[in-house]
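Annotation comment: TrEMBL describes A:30-49, A:55-81, A:88-108, A:114-133, A:140-158, A:194-213, A:234-256, A:268-291, A:298-318, A:324-343 as transmembrane segment.
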Amino acid sequence: MIAEGQPTFGASSVVASDQRRLFARALDRPSLPALVGLVVVVLFFGVQAPELLTAAGVAGVLDVAASLGIGAVAVALLLVAGQFDLSVGVVAVASSLLSAILIGHAGWATWPALTASLAASLAVGVVNGVLVINTGLPSFLVTVATFLVLQGTALAGFEAVTGSTQVTGLDRATGWESAAAVFGSSAEIAGGRFQVSVLWWAAATALAGWALWRTRFGNAVFASGGARTAARELGVPVRGTTITLFCLTATAGWLIGTLALLRLESVLVTNAGLGAGIDYVVVAVIGGCLLTGGYGSAVGAAVGALVYAVARQGIALAGWDPRWFQALLGVLLLVALLANGVVRRRLKAVPRS
Amino acid sequence: MSPEADGRAPAPLLPELELRRLSVHYGSVAALSRVSVALPAGEITCVLGENGSGKSTLVAVLSGLRAHDEGQLLLRGEPVRFRSPRQARAAGIATVWQDLAVAPLLSIWRNFFLGAEPTRGVWPLRRLDVDRARETTVRAMARVGVPRVDPDQPASTLQAGARQSLAIARAVHFGARALLVDEPTAPLTVAQQTLLLQAIVAARKEGLAVLLVTNNPRYAHLVGDRFLLLAHGSVAGTLTRDDVDAADLMRLMAGGEEFSALTSALTALHSELGDR
């Protein structure tokens, strides 16, 4: 309908040489800095602690990375949508405490108890999401509040109900065996004991990656974080997407808690600390998510979890003081933030209209 | 009310979109107050008025971004109440937003289809039809004068003019019944204005109801069939092309005197401006 041969306005990207394009394409991948970081930490700790690269060492790394990665993948989606969630760690603790009370104290069968704690976790996610959407408060503060409420309630409530700080004998409950097979089993491969949580982590990453890049939901996630006004103007369901994402992080928290509960067959009341919640965000940022939203990837978050796990296990195996890990994590985070800043400037180099 | 024919298909009796005594309040402030206007198919209705006269609110109501508080919004004579822009888009009402509504970090094809993505497969395996979306985007961008676009590049790599073309191409693609254009605030070159006007005229030719919100009466008079003057959220006047010329329109706009003084001062300094 509009005639061809019109004056063109800035003929989009000038086609550069293929090599440059390949380089630019690689830079466009949010997970690139994390991959580089992974290579660096593997090389460094491979030299410092060679047992890291044995089957047992790899199994240890994957075990740490799995539970962290499940949370980080969900948090990464939320960060892409421009929101924060610091309550994942406490949802993990609280949901496993709830499952333990229902199974060990109230005598429920395993699967109904797990379903009930999943429902409770989802309720936390809905509350987080609705509060953030309806009040317009920063999700950082809202989820810190949720974290405090949940931590206090779960720990005090657990002791008030059970009268002790521990519940044991959970494995006598009906359905425990089948649940343990799904969430708590492990397999010995080439001398290393690999936990089933690694499969859950891989599945979560694959599903999140697919959803982010190949579904309408993923488009809505990107747009909600990167251009909220535009998303609203085009009828993208920003509210529903945000609430769904908070439910996803809560579900990830439940999965982390359930995996630990079914493997350890007991639960100990401990103060999780805010650090556990921040770790997921740190890992997602190392994985290339921008804190401002609109950019990031699930695979990147998974790679970020691997970086974290290699560094932690490496320091332990090298026999260093484990407190060095925090310092190293801080450095990794800073490097990731700077690298992400470069990406961000590159993407936004052209003036916005 | 009935549109003149001049070779076009006879317009249906009912206007595509109609507002009847429609009001919108923001708190105690009335952004629109009992506004009645009809947007017939195959006609360009220009909305003129100062900043804050309710032009953007009018676009927000018609595009589903803001629900009206009183009065009626009629779509082909049927009262409707859009709860989201998604519903308005599904009804065939497309909008070129003042801020263009382009997400800078999303790729061009994702921007093109944002909020109305083509999918294939059945839930839970329903997924984006990426190839179709890419092809459609390239074709639609070529139609508005941006050939050889790489649909996978982020929209931030487009130049400002090409980003505007993206917004226009998207509206033209999705507008089946009505095209709403809230004139972009970003400064436009003459070539970009030409493109915008061409898209508007082409939409009229295809029988769409077109609403053009603009600050520029000359520009409005060039393409407009009917003119709606807004002042303080109310209709200050409705005119047809036969009633006025561009100079009249300019005077009628609130603050029009200052505007024409400014124009003559500018024309004296830069003679090429007089040709626009």
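Placement of Cβ uses the backbone N, Cα and C atoms for every residue, glycine included.
Contact between the transmembrane segment (A:55-81) and the transmembrane segment (A:324-343) does not hold: fewer than three of their C-beta pairs are under 8 Å, each pair 6 or more apart in sequence.
Within its own chain, the transmembrane segment (A:268-291) has Cβ neighbours under 8 Å at 29-34, 37, 68-69, 71-76, 79-80, 84-90, 92-93, 97, 143-144, 147, 151, 155, 158-159, 165-166, 297, 299-305, 307-308, 329, 332-333, 336-337, 339-340, 343-344, counting only residues six or more beyond its boundaries.
Residues 27, 30, 33-34, 37, 41, 282, 285-291, 295, 304, 307-308, 311-312, 315 of the same chain lie 6 or more positions beyond the ends of the transmembrane segment (A:324-343) yet place their CB under 8 Å from a CB of it. Counting Cβ pairs closer than 8 Å and at least 6 residues apart in sequence, the transmembrane segment (A:234-256) and the transmembrane segment (A:88-108) reach three or more and so form a contact. Cβ atoms under 8 Å from those of the transmembrane segment (A:298-318) belong to residues 29-31, 34-35, 37-38, 41-42, 44-45, 48-49, 51-52, 57, 60-66, 68-69, 72-73, 75-77, 201, 205, 208-209, 212, 279, 282-289, 324-325, 328-329, 332, 336 of the same chain, restricted to positions at least 6 beyond its ends. The list of residues near the transmembrane segment (A:30-49) in space but at least 6 beyond its ends in sequence, with Cβ under 8 angstroms from a Cβ of it, reads 57, 286-289, 295-297, 299-300, 303-304, 306-307, 310-311, 313-315, 317-319, 332, 335-336, 339-340, 343.
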